[in-house]
Amino acid sequence: MRVRGMQRNWQHLGKWGLLFLGTLIICNAAENLWVTVYYGVPVWKEATTTLFCASDAKSYEKEAHNVWATHACVPTDPNPQEVVLENVTERFNMWENNMVEQMHTDIISLWDQSLKPCVKLTPLCVTLDCRNIATNGTNDTIAINDTLKEDPEAIQNCSFNTTTEIRDKQLKVHALFYKLDIVQINKDDNRTYRLINCDASTITQACPKVSWDPIPIHYCAPAGYAILKCNEKNFTGTGSCKNVSTVQCTHGIKPVVSTQLLLNGSLAEGEIVIRSQNISDNAKTIIVHLNESVQINCTRPNNNTRKRISLGPGRVFYTTGEIIGDIRKAHCNVSGTQWRNTLAKVKAKLGSYFPNATIKFNSSSGGDLEITRHNFNCMGEFFYCNTDELFNDTKFNDTGFNGTITLPCRIKQIVNMWQEVGRAMYANPIAGNITCNSNITGLLLTRDGGLNSTNETFRPGGGNMKDNWRSELYKYKVVEIEPLGVAPTKAKRQVVKRERRAVGLGALFLGFLGAAGSTMGAASITLTVQARQLLSGIVQQQSNLLRAIEAQQHLLQLTVWGIKQLQARVLAVERYLKDQQLLGLWGCSGKLICTTNVPWNSSWSNKSLEEIWGNMTWMEWEKEVSNYSKEIYRLIEDSQNQQEKNEQELLALDKWASLWNWFDITQWLWYIKIFIMIVGGLIGLRIVFTVLSIVNRVRKGYSPLSFQTHIPSPREPDRPEGIEEGGGEQGKDRSVRLVTGFLALAWDDLRNLCLFSYRHLRDFILIAARIVDRGLKRGWEALKYLGNLTQYWGQELKNSAISLLNATAIAVAEWTDRVIEALQRAGRAILNIPRRIRQGLERALL
């Protein structure tokens, strides 16, 4: 009886099972992402670092004792690089810019350092017997404007006792002092005075050779850092900037110390720009950036002489000897037309911030002389000019006013130090006339408070020198380059290798940041070009700094610039070594792209690879994963440490040196675990395919048979049916019983799978062996053919060489024989000459 049922085709089942398993493994592997390290990516973050200076001091001032000490700076780059960063938006804040703080500290240090070796004027804190100065001028034909005539009491001729070179001897001397520099001791006696600062501060005399003319200073970032520059024309100093570039150094900034008016600065490229931390807060200073400069010409017309007074051994006091001619006030002249037009534009610009109010200007509301007057230094003299005429609304409402505005000025020699309370400086008088021409490029204003909403009154202000530096540094910020980046890729570090320690590379901050606006995929293509620039940039910058430092070796001490250059050198090397150390710890030394075996965690970022590499820039990606950078770095380092341990164990062969390791229980537990996993997987596959097969056959109309049902099994045609006693043909099929029980089922599946794998592996090995055998035979035949061919051509070349040598030898022999024969004939002819002569004589005698 024939039993019909399901017939299991183990061969096809094994093929489909392996195909499904391979597909599952491939799909699972395709979904895994791994951390990859990139070196040279255009990423930065805001930072605070030590800046150094660059200047062309020698082209401006030949005096080596310039107070700004810019001779110690690095020479400026004749071809400065500026790289525009496409598709980059960066936030700036001029009110929280460390560059301002650093410049302020530097200028204070320069002032202090210029005064350190100079004379203390403590011996001058004595009683002064003063009278109004008497001029020795003549009746000039040129009339002097009454407004420019100096008050007779403005300059006092004072006498006092001082110590000579011999300490126990005193000498009575006289000197000229401005009335602003002395104070009356006794109210009842208008002839006894003292220096104004003797009761409150120490007085230091400026060195006689010091020059006060500001020289442009370029602030530069050390290697590993960059300076970002905002190029928007109407940028207010705060907020986002879409036109960003990166530079190595700032433009030349003149450190002009002044109040109320900003002198000799840069101009706005577009319209007049108003900058304030909070313009609605009347306590905040308003910086007005002009787009057109207004010339201001200042002069001290008096022809002064300077003399020396000894204050004892090693101390010399410089004072005004006499004034030749009529005494006239120092003053400044400003073009009325230019100033009126400028003030009208400033009013209109301020009106845009206060649309419902009338803008008015007024003079300073009071305070120290440095605030109420326009204070600045002109050729070494400190001017204090009255600017009431500049901010007179009534005068400038008259459109017909086109004259020259004259600002009366006073000069002080004892100046309060702007950088520190309780200190004063005595400025040496300058001989001769003094004239300086400057450009007004900005204003420092304050707004009146109160509840008056119809009028907004603005007054000149200043006094905080940081605002002067902000007016020039508003468009810059310092950032630290982060050339190390991590991102997910499909590449994984497969094997542990002992890596060769190659020379590291790095990233310069100009051309290197040019790819900042590109996508991550586009930027990663140029990693080699970007990374090659850092080390060369560091070396070049270090060389420039070293030359500048060597130029100062003849000095007893370094200036503030020299110290900054040393700091910049150390900082650049430290910054570079820090990155190289991380790369070394991660096993990525000398590599621009370094794969790892750290799996990418979707909690760090669940974006797809296409979205990351096709749409995001490195800056955007860095912000995305910045919170997880430390964790990723730690995992990479731990992974590398584990790899190095594994490498050490493999190289030492500690676990395989002895056969007894095979009997270690931990090893066997590991083997058993793997075996259980394999068996479990096979059983799972068996169940899945059985269910699928049953479902498929049920859909075709079959009913599932019991596992105890015998199914027909085809017999091979060359095998007789039955046993010896039961001969005859009983059909081509026979019934077999399905296996029963879980273990039998598992054993049967495992046995069939092993047989299937064995047969296919055997066939594959036979085919591979046959292919290799044929390949070896053909290779051997090809080698023999090449050997015969080489032997043939070698013999041919040998024969050709022999023939060539024979022909050459024959030709040389023939040529040699002819030469020898010719020489022999010539020799015989010479030898026969006497005999021919004798024969001729004999014939003649006969």
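In case you wondered, yes, glycine gets a Cβ from its N, Cα and C as well.
So that you can see what the record holds, here are the features copied from Swiss-Prot:
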{"type": "CARBOHYD", "residues": "Asn87", "note": "N-linked glycosylation site"}
{"type": "CARBOHYD", "residues": "Asn157", "note": "N-linked glycosylation site"}
{"type": "CARBOHYD", "residues": "Asn234", "note": "N-linked glycosylation site"}
{"type": "CARBOHYD", "residues": "Asn303", "note": "N-linked glycosylation site"}
{"type": "CARBOHYD", "residues": "Asn333", "note": "N-linked glycosylation site"}
{"type": "CARBOHYD", "residues": "Asn362", "note": "N-linked glycosylation site"}
{"type": "CARBOHYD", "residues": "Asn392", "note": "N-linked glycosylation site"}
{"type": "CARBOHYD", "residues": "Asn433", "note": "N-linked glycosylation site"}
{"type": "CARBOHYD", "residues": "Asn452", "note": "N-linked glycosylation site"}
{"type": "CARBOHYD", "residues": "Asn601", "note": "N-linked glycosylation site"}
{"type": "CARBOHYD", "residues": "Asn606", "note": "N-linked glycosylation site"}
{"type": "CARBOHYD", "residues": "Asn627", "note": "N-linked glycosylation site"}
{"type": "REGION", "residues": "130-157", "note": "region 'V1'"}
{"type": "REGION", "residues": "158-198", "note": "region 'V2'"}
{"type": "REGION", "residues": "298-331", "note": "region 'V3'"}
{"type": "REGION", "residues": "385-409", "note": "region 'V4'"}
{"type": "REGION", "residues": "502-522", "note": "region 'Fusion peptide'"}
{"type": "REGION", "residues": "564-582", "note": "region 'Immunosuppression'"}
{"type": "MOTIF", "residues": "702-705", "note": "motif 'YXXL motif'"}
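Annotated pair Asn362 (N-linked glycosylation site) and Asn333 (N-linked glycosylation site), C-alpha to C-alpha distance, rounded: 19 Å. The closest partner of Asn87 (N-linked glycosylation site) among the glycosylation sites, by CA position, is Asn234; the full candidate set was Asn157, Asn234, Asn627. Cα to Cα, Asn234 (N-linked glycosylation site) and Asn157 (N-linked glycosylation site) are separated by 53 Å.
Applying DSSP to the region 'V3' (298-331) sorts its residues as follows: 0 helix, 28 strand, 6 coil. Asn303 (N-linked glycosylation site): 14 other CB atoms within 10 A of its CB, across all protein chains.
Taking the Cα atom of each, Asn627 (N-linked glycosylation site) and Asn601 (N-linked glycosylation site) are about 13 angstrom apart. Note on Asn627 (N-linked glycosylation site): other Cβ atoms within 10 Å of its Cβ, all shown chains, come to 9. Put simply, of the glycosylation sites Asn157, Asn303, Asn333, Asn433, the one whose Cα is nearest the Cα of Asn601 (N-linked glycosylation site) is Asn333. The distance from the Cα of Asn303 (N-linked glycosylation site) to the Cα of Asn433 (N-linked glycosylation site) comes to 5 Å. Residues within less than 8 Å, Cβ to Cβ, of Asn433 (N-linked glycosylation site) and separated from it by at least 6 positions along the same chain comprise Thr299, Arg300, Pro301, Asn302, Asn303. Rounded to a whole value, the Cα-Cα separation of Asn606 (N-linked glycosylation site) and Asn392 (N-linked glycosylation site) is 65 Å. Neighbour counts of Cβ atoms within 10 Å were compared for the glycosylation sites Asn333, Asn606, and the top value is held by Asn333.
The average per-residue pLDDT of the prediction over the region 'V1' (130-157) is 64, rounded to a whole number. For Asn392 (N-linked glycosylation site), applying a Cβ distance below 8 Å and a minimum sequence separation of six or more within one chain yields Phe361, Ser363.
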